[in-house]
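Note sheet for the following structure.
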There are 2 protein chains.
Amino acid sequence: MPTLRIALAQVNPTVGDVSGNAAIVRQRSRAAADAGAQLVAFPEMMLTGYPVEDLVFRNSFVTASRAALDQLAADLVTDGLGDLPVLVGYLDSDGPASANAEASPTHGPRNALAVLHGGRVAARYFKHHLPNYGVFDEDRYFVPGDVLPVVRIGGVDVALTICEDLWQAGGPFAVARRAEVGLVVNINGSPYELNKDDVRLPLVRRRAAEAGATIAYVNMVGGQDELVFDGDSMIVSPDGTLLSRAPQFVEHLLLHDLELPAASTRTPAGTEPAHPAPADGPDGMSVTRVHLSDPLPAPVGAPVTGGITEPVVDEGEVWQALVLGLRDYVDKNGFRSVVLGLSGGIDSAVVAAIAVDALGPQRVVGVSMPSQHSSEHSREDAAELAKRTGLDFRVEPIQPMVDSYLANLSLSGMSVENLQARVRGVLLMALSNQEGHLVLTTGNKSELAVGYSTLYGDSVGGFNPLKDVWKSLVWKLANWRNAEAVRSGGTPPIPENSIRKPPSAELSPGQLDSDTLPDYSVLDAILVGYVDGDQGRDDLVGAGHDPEVVDRVLRMVDVAEYKRRQSAPGPKISIKAFGRDRRLPITNRWRERR
Amino acid sequence: MPTLRIALAQVNPTVGDVSGNAAIVRQRSRAAADAGAQLVAFPEMMLTGYPVEDLVFRNSFVTASRAALDQLAADLVTDGLGDLPVLVGYLDSDGPASANAEASPTHGPRNALAVLHGGRVAARYFKHHLPNYGVFDEDRYFVPGDVLPVVRIGGVDVALTICEDLWQAGGPFAVARRAEVGLVVNINGSPYELNKDDVRLPLVRRRAAEAGATIAYVNMVGGQDELVFDGDSMIVSPDGTLLSRAPQFVEHLLLHDLELPAASTRTPAGTEPAHPAPADGPDGMSVTRVHLSDPLPAPVGAPVTGGITEPVVDEGEVWQALVLGLRDYVDKNGFRSVVLGLSGGIDSAVVAAIAVDALGPQRVVGVSMPSQHSSEHSREDAAELAKRTGLDFRVEPIQPMVDSYLANLSLSGMSVENLQARVRGVLLMALSNQEGHLVLTTGNKSELAVGYSTLYGDSVGGFNPLKDVWKSLVWKLANWRNAEAVRSGGTPPIPENSIRKPPSAELSPGQLDSDTLPDYSVLDAILVGYVDGDQGRDDLVGAGHDPEVVDRVLRMVDVAEYKRRQSAPGPKISIKAFGRDRRLPITNRWRERR
């Protein structure tokens, strides 16, 4: 059996930064070659970043991706890497893009994978299964491919697949079995979700069994707006054995020696032009065979193994996702620093700790904005957090501004509570305008769901690390992070008092969250079913929740939605006289202008 | 040839208000029967409203739609309407909904049409072509149907289709020709876009030719968040003659007598159970035939014709769309009133006029919030607008609040300009909290695109009638509305001075838009290509725009996007630890709680 040393490049591309992404491919290909790799694979849509959304419809962008691919093939030769097969994801197109009903079912934009070799594109694959659920909208953007390339590398037949191809039975992996391949490479842009790593391994095992071949799975890493790609690249043998697994949330070059079956003598070691097999495979796919190289000399020295990284606990996984997501949002968008309000409470303390882990304390500004209702311990807890983390700490009392509104308007009750939060929002925005910081918001998912926050007040900001984190998990994250600090001999960043004290908005005398909300453990359990899930009232009651509490919580969610309608559901509602707005990535380095 | 008097009910359902929507069907069916109609058709998803988005995944909602359909069939009998075939859109399901890769390709939620007759569902059709472009995401939500029901009504064979079925060649209309039907009914939830009425008629003509049959097209009317359904229901003969056309933007019961070919003796007037034809038609659809009634006595008296409404000019069409969209957002969400800032400029004047047309002057509060930079004429123009329209007018000077911030913070330049706009935002929100108004935003599409506005300042609000309206069109709308007033002997609502004077934000001394922006006619032409279209820099230059101006405008758009990233792209970015947020309609009457 030939031995192939493969390299999986778990790297962090940036959407729109085509030349920067190509540079990453050159650097990592060099490193792979220096380590003796005979094949290196990069993630899905490596050259463009992922997802590019409506940039697909911009011809200038598609053209740039295709040109960058050709340039990259040439540059790899210049780098002395012409003999190394480099597998790289990119955006291609073999027909006009269309955002309407006239779309062609057979030609258009493609989610593509190229094998670069000898200064040219030796093989291309167009993604077959296009996901159109959850965070994915690929039916809008891409036309599916129906040809599976089998590329002979070092005497081993290697099939090429992309991401979703792995998540559905049938299709490319079944065709790969018929084509008797020795290895299937699967390149990914697979976003993190809690416990998704527990789903991937069994899935890769099922496909390895379906294909009867080893699977090399490479995923990108990094933040892209609301998505975080977690890596978790791995290699699994046909019998389901996990041979190697990369760590999550960090860039990594996974190198591993694989003994793989020599290409069958029955299958033609075809030379170019590649000849497609008849379209009689499962799911109507045909096979194109491309010959790159006969068996290569075995790698010298002791066998190289990539090792197996063990999964971390849930809190550690979420913490790393939040840190990486914030860091990439800040850095990829070119912000130098962030600013947030520090109330002394648990939410802003956890956001500050995440920001310091992501950016370092010099790039984080924390502002204490006490009012007449702020307790002494709140001011102290905010100062204590600043001391422990070393962030840039300021104090800006809000009472003079609040009083100027109250002197000029007739306000009472909730309006006065909201006014205080809005004065804080105006203060943070003034600091952002004056000094250039990105404003961080700190509301957790539980309080946002039930409307326990002030629109244009504590909701002001461009990025909220906790927006998808339930309050119960916020506490767990705080405890986990502090324990990690103790374990590594450091200072726990979050003051114990911020974790232990009963939560309060401190917008009126003696106010506590528990005056208004059920206990967070009860609240969160109901919200998880209603907001994250698709459970109705009867499902929730059937699951054992108190019917009165269920109705109370559902009423709070409904009222919160009403209040958001009244002032801002986010992007302002308008009437579409000109069709749908373009959906473009927020973090996006693509620039048309010169 | 039998004569059939058909009724097309162009009505305004509300998303989630299943019982209210069923009540509309009963009322309009009564009216149709009283007028002698022998068939009445209601829009797509009539019982649930459209679009319902992720409510599709909530079993309680699907169950409610199906139950409401059965109840409606029974209620129509109670109403003495059991003999009238009532065609109504609703949400059905014949399998579990799924938001992931495991979705079944053949069973699941259905965009459905039922024929109610004799107290039961006599036939069901499941939409075949599912749109997944522009504002549509139906591939996420529905499974396509592949059976075309042909229902014999009064001796005429009638085929049932839904919306997108009309927009693609092949499919149901080709099958309808093979089935030799006399009439195709097409029920719609087709949103308004500028000039869309010019596209629909040729399209209906092409399908009439393809089916070789008369087409009866019925569309809903009304606002749903960013969509406005404009009606424009029509009837077209097989040779392409427009027989009748309803007005846009208003509810309407279109009644028309049609002479239609008697059902062929070759086609079986099948009795139930319906027997499907072999699946050998175009696009793999089969046909189910259902017999409801043999030829009926011809309608008595003179033939009834629905008349042909002529299209209106573009400005009139857009104005009506904006008025209807705002009115339905306000009324369907239960708001009593709206509040907006009146600067004396054109944008807020046009928004105020739209609001008064939509709601009447008693429900509109206009607030003049002068600062030290507000000119005398601006204050006067705002007061003049209030006088002409009769809205509730208030004056709240902002200088005391602005001064209290300036006394406590070190701010300069743009930060001070933004501060004034944000104090106005806080004032409007305080009034909203205190008095319950919906806050209207008044920024036009041109200034939003280039970032000529203040986040959390003039961008505060829950609904912006001008968000999708370019500045050039704002002026045209103002002139059109004033001319309409003159034409009908009323008072032009918008002061001529607000239309004529050079636009200014009045945030610093002597400031004019033209200090910062190119002439709006130049700016808008570039933005239309870049923001609405998919044109790149070279396309724009190729279209004749000055390269320097193109680069300057593109830079402004890029910087505006950067600023939005810094403080708020809308819904705050977060890291999806729990998968995609549910996409739910904003305007939605569905309530789970008791």
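Placed from the backbone N, Cα and C atoms, the Cβ positions cover glycine too.
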Same ATP site per TrEMBL - residue from B:Thr214, B:Thr241, B:Thr442, B:Thr454 joining B:Gly341, B:Leu342, B:Ser343, B:Gly344, B:Gly345, B:Ile346, B:Asp347, B:Ser348: B:Thr442
Members of the recorded positions set B:Glu44, B:Tyr133, B:Cys163, B:Asp347, B:Asn418, B:Glu447 whose C-beta sits under 8 angstroms from chain A: B:Tyr133, B:Asn418
For the L-glutamine site built from B:Tyr133, B:Ser190, B:Lys196, further residues of that chain with CB within 8 A of the site's CB center: B:Pro131, B:Gly134, B:Val135, B:Phe136, B:Trp167, B:Pro191, B:Glu193, B:Val199
Candidate with the highest Cβ count within 10 Å, taken from the recorded positions B:Lys127, B:Lys563: B:Lys127
Max CA-CA distance, Å, over listed L-glutamine-binding residues B:Tyr133, B:Ser190, B:Lys196: 16
Inter-residue C-alpha distance, B:Gly341 (ATP binding site) and B:Asn418 (deamido-NAD(+) binding site) (nearest angstrom): 15
Alpha-carbon spacing, B:Ser343 (ATP binding site) to B:Tyr133 (L-glutamine binding site), which is rounded to whole Å: 39
Cα-nearest neighbour of B:Lys127 (active site, for glutaminase activity) within the listed recorded positions, B:Tyr133, B:Cys163, B:Lys196, B:Asp347, B:Lys563: B:Cys163
Recorded positions clustered about B:Glu44 (active site, proton acceptor) [Cα within 10 Å; pool: B:Cys163, B:Ser190, B:Lys196, B:Asn418, B:Thr442, B:Lys563]: B:Cys163, B:Ser190
Cβ neighbours of B:Gly341 (ATP binding site) where a neighbour is any other Cβ within 10 Å: 26
Cα-Cα distance, maximum over B:Asn418, B:Glu447, B:Lys563, record's deamido-NAD(+) binders, Å: 15
Cβ neighbour count within 10 Å of B:Gly345 (ATP binding site): 21
Neighbourhood of B:Thr442 (ATP binding site), C-beta criterion under 8 angstroms, separation at least six: B:Leu340, B:Gly341, B:Asp347, B:Ser348, B:Val350, B:Val351, B:Asp458, B:Gly461, B:Asn464, B:Pro465, B:Leu466
